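These notes are about the structure you will find just below.
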Ligand SMILES: Nc1ncnc2c1ncn2[C@@H]1O[C@H](COP(=O)(O)OS(=O)(=O)O)[C@@H](OP(=O)(O)O)[C@H]1O
Ligand SMILES: Nc1ncnc2c1ncn2[C@@H]1O[C@H](COP(=O)(O)OP(=O)(O)O)[C@@H](O)[C@H]1O
């Protein structure tokens, strides 16, 4: 970052400064223009005229003006701003420099953004929090490509107050016709990109015309001066107060068990105790009981204020959630169209997971291949496959969960986001949500707990437990595997719990005694039940030799969910297969308690499905089981 930024913008300085002017409203604005348009001179003039320059800076300025200035013996105001030597030499301002000054009526933070074409990124950064943009035009040159580019970016970023400052009027003899022609030219362009209003001023930053006082040189101009306009333009925060209530939760304030408050800055609207609110994206509702601040409780809080809210009910609400007016909440969705400004050297990789930070919420997201990019000089749509540094494009963005949002045009707080690389943690893009492609279904419902039905509904299926039982080597694993592959191919969410695997992990402490088998099946039943609660179609392949334990699991589940699949293979057939050589070991006495040899197997009496593996191929059996499941499934629906 530039040296002068470090000088000028030490956080403590700003705090001290703003504190000293606490009673005044704050206007944030940016200046756009090229090096030659006189931008730095104008900012220097504003700082100078508002007496913000400290004495020591002032004498330094006089000395510098004589040494490297371009204005003879006059003070070169540009030197106040173009602080970095290298930049002075290059004549380009890079990065964003913030300056602050104040007048009797208002305090100001001005972001000086570079005009150079390569620095869209910086300009977007500087403009993202601005209430107003001053677009500088050199009266001798008129509307240039860069004027259009800056205006487009300001409009894109949603700066509602645009000032067209036709500068260097002294160099065109304060000629009204020249000024009028430039304004007419700009009006035509502005309308073509949807800018509906702007304020034009004839000024000279160098000579001081129409900056703080009306200039006698432009008798044909009735005002206001630039400062008057900056002092009187309505602030965004005032407009935001008239909108419905929204506050993104920054953190949950829980100092002790008796207090639970939700802290954040009110993005829009106002709130008062007794107001009904809705928490998004869950949709739960409650009533505001208190508005807590460091200076005591409030009866009313408005956009721009930082507060802690308490609710009448124990409603789940955490960092990243949005608290909104109950009867007028924002939407929640997980698919959007967005306009994206790419800010990284590495181009966008469509489909790669990134962090998307919107308000106080961070979620995983992917950007799809761009629909088009926008040529910022001509506003033409370009067909592209990706976005490179400083490119602006429109693309679909998918998040891994619902987020409460509003179109950027309605709310910068709930519609503006940044994208962050998951590995490097670098910000790679800024974006603006245009609209949702698919709205969430559940936000406006009465809030519900996430039940097993809700899980299943999200997966679009009814949970099932396909319980395969049979002798070792009967074919349980073989058939269950095939069934799962088929379900998977059909887009069903499934999971196969297999005897061999579970016995090496969760149940590795259990043996093949009766007690060991009973506990084995009990645990497997519990796990399978939880998985069905999560909405899955679960398949289990265990010998599960005892009727009682199989019935126990059946009874843990809602009627119809437990499907017993008896893989009916006679002992002699299974023994003849002897896939693992275990039967031979059991016969020889090397392996004790082997099912069918010296440990019992109780065949199901009335299974939902019976497979005779001596007659039916694994493939045919699997097909039949899938048909059964899907049949029951569609029947259930
Ligand atoms: N004594 C004894 N009896 C039966 N099976 C034995 C034994 N010792 C090891 N194995 C291997 O363990 C697998 C059976 O484990 P299960 O968890 O399905 O058994 S049980 O139903 O819980 O009793 C079983 O796998 P499958 O052949 O897939 O059934 C065997 O490979
Ligand atoms: N119709 C059939 N159904 C299932 N498996 C069969 C069938 N016919 C032969 N087999 C063979 O039987 C063996 C069954 O082994 P496996 O599926 O591991 O059984 P288990 O479920 O008891 O562990 C496999 O080698 C499989 O190829």
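We count from 1, first residue shown onward.
Just so it is clear, glycine is given a Cβ too, placed from its N, Cα and C backbone atoms.
Database features (TrEMBL):
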type     : residues                               : note
ACT_SITE : 544                                    : active site, phosphoserine intermediate
BINDING  : 33-40, 112-116, 167-170                : GTP binding site
BINDING  : 470, 471, 472, 473, 474, 475, 476, 477 : ATP binding site
DOMAIN   : 24-238                                 : domain 'Tr-type G'
By CA distance, which of the binding-site residues (33, 36, 39, 169) lies nearest to residue 470 (ATP binding site)? 33
What is the separation, in Å, between the Cα atoms of residue 477 (ATP binding site) and residue 169 (GTP binding site)? 86
Using a Cβ cut-off of under 6 Å to any atom of ligand 2, determine which of the binding-site residues 33, 36, 39, 475 qualify. 475
By CA distance, which of the recorded positions (472, 473, 474, 476, 544) lies nearest to residue 33 (GTP binding site)? 476
Secondary structure at residue 477 (ATP binding site), reduced by DSSP to three states: helix
List, in residue order, those binding-site residues out of 36, 169, 470, 471, 475 with a Cβ under 6 Å from any atom belonging to ligand 1. none
Determine the mean pLDDT over the domain 'Tr-type G' (24-238), rounding to the nearest whole number. 78
Spatially closest candidate among 471, 472, 544, the listed recorded positions, to residue 169 (GTP binding site) (Cα to Cα): 544
Measuring Cα to Cα, how far is residue 36 (GTP binding site) from residue 474 (ATP binding site) in Å? 85
Measure from the CA atom of residue 39 (GTP binding site) to the CA atom of residue 471 (ATP binding site) and give the result in Å, rounded to a whole number. 85
Long-range Cβ environment of residue 475 (ATP binding site), under 8 Å and at least 6 residues apart: 567, 569, 611, 613, 618, 621
